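*Asks:* The structure follows.
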């Protein structure tokens with residue numbers, strides 16, 4: 001009988017823990033916000049490339065919000081353009097901030113179109129998927145204009161939605177409490193899954209964890225009280241590897257009392273995909 005592989009914890013973060021990790025990364029660990037956005041956006045782009053590689057010539061819609069989640073989406077759009085995709089960006093509320101202005105300029109220099117508004121009919125007819133970068137883990141309260149109309153339109157489309165970190169309109173801990181949030185086909189959690197990720201059905205949503213750049217010491221300090229699952233900590237010998245992928249047939253068990261079982265099935269750049277095991 002083969003020896004069991006060692007396990008490590010996959011932690012679910014609440015809002016305060018997620019904020020604390022970001023703050024420490026940018027202070028104690030000397031990351032800049034630009035670096036964190038670049039790492040996050042590259043992880044997002046790698047997942048989109050894997051999920052939609054056979055339809056890359058069909059335009060995709062990138063919806064960017066006013067904060068860091070929107071910045072991640074702009075970085076992802078830039079990388080996706082280099083990957084051969086055809087992103088088009090809806091940026092309803094552009095912040096007056098040099099960081100975001102630079103990201104916009106970088107996309108414009110690649111001839112990525114910026115859009116004013118879109119109808120459900122246009123989205124369904126033109127785009128193969130939607131990248132949701134509207135709100136991240138800092139979102140609280142009601143969905144305000146102009147994003148209330150944007151999210152309502154996106155909810156009515158038939159195109160698959162890929163959400164960055166949390167589905168827009170969801171409370172980071174309690175989920176889609178308003179009933180007005182997006183329901184993604186793919187969720188890309190950044191750094192670690194947030195508590196709301198546990199409320200998504202694994203039969204309806206493919207879940208990736210991306211941007212694995214948190215130092216172990218910070219992870220242990222920040223997440224000592226996080227809800228967690230156990231993840232095998234090493235890859236099996238002989239795993240198939242290609243340019244950006246490692247097929248990894250590992251199993252993850254949900255926390256005690258849950259009937260769902262998850263397993264890691266592949267690694268995309270620095271992203272890990274989780275899905276329900278059969």
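Cβ coordinates are placed from backbone N, Cα and C, and glycine is handled just like the others.
When I checked TrEMBL for this same protein, it listed these features:
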- 68, 69, 70, 71, 72, 136, 137, 138, 139, 140, 141, 142, 165: (6S)-NADPHX binding site (BINDING)
- 69, 132, 168: K(+) binding site (BINDING)
- 18-220: domain 'YjeF N-terminal' (DOMAIN)
*Asks:* If you measure from the CA of residue 168 (K(+) binding site) out to 10 Å, which binding-site residues from the list 68, 70, 72, 137, 139, 141 are inside that radius?
*Replies:* 137, 139
*Asks:* Rank the binding-site residues 137, 139 by how many other Cβ atoms lie within 10 Å of each Cβ and give me the one with the fewest.
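*Replies:* Each of the binding-site residues 137, 139 was scored; lowest Cβ tally within 10 Å is 139.
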*Asks:* Should residue 132 (K(+) binding site) be counted as helix, strand, or coil on the basis of DSSP?
*Replies:* strand
*Asks:* Could you check the binding-site residues 70, 141 and say which one's CB has the fewest neighbouring CB atoms inside 10 Å?
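*Replies:* Minimum Cβ neighbour count within 10 Å, taken over the binding-site residues 70, 141, occurs at 141.
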*Asks:* Report the mean pLDDT of the predicted model across the domain 'YjeF N-terminal' (18-220), rounded to a whole number.
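*Replies:* 93, rounded to a whole number.
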*Asks:* List which of the binding-site residues 137, 141, 165 have their Cα within 10 Å of the Cα of residue 69 (K(+) binding site), in sequence order.
*Replies:* 137, 165
*Asks:* Between residue 141 ((6S)-NADPHX binding site) and residue 132 (K(+) binding site), how many Å separate their Cα atoms?
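*Replies:* Distance between the two Cα atoms comes out at 18 Å.
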*Asks:* Taking the Cβ of residue 72 ((6S)-NADPHX binding site) as the centre, how many other Cβ atoms fall within a 10 Å radius?
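*Replies:* There are 32 of them.
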*Asks:* Could you tell me the C-alpha distance between residue 70 ((6S)-NADPHX binding site) and residue 132 (K(+) binding site) in angstrom, no decimals?
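*Replies:* Computed Cα spacing between residue 70 ((6S)-NADPHX binding site) and residue 132 (K(+) binding site) is 9 Å.
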*Asks:* List nothing but the largest Cα to Cα distance in Å, as a whole number, among the residues 68, 69, 70, 71, 72, 136, 137, 138, 139, 140, 141, 142, 165 that the record says bind (6S)-NADPHX.
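*Replies:* So the maximum pairwise Cα distance among the (6S)-NADPHX binders is 22 Å.
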*Asks:* List the Cα distance (Å, whole number) between residue 68 ((6S)-NADPHX binding site) and residue 132 (K(+) binding site).
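*Replies:* Between the alpha carbons of residue 68 ((6S)-NADPHX binding site) and residue 132 (K(+) binding site) there are 12 Å.
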*Asks:* In whole Å, how far is residue 132 (K(+) binding site) from residue 165 ((6S)-NADPHX binding site) when you measure between their Cα atoms?
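*Replies:* Cα of residue 165 ((6S)-NADPHX binding site) to Cα of residue 132 (K(+) binding site) measures 9 Å after rounding.
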*Asks:* Report, in whole Å, the straight Cα-to-Cα distance of residue 132 (K(+) binding site) from residue 139 ((6S)-NADPHX binding site).
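*Replies:* Between the alpha carbons of residue 139 ((6S)-NADPHX binding site) and residue 132 (K(+) binding site) there are 14 Å.
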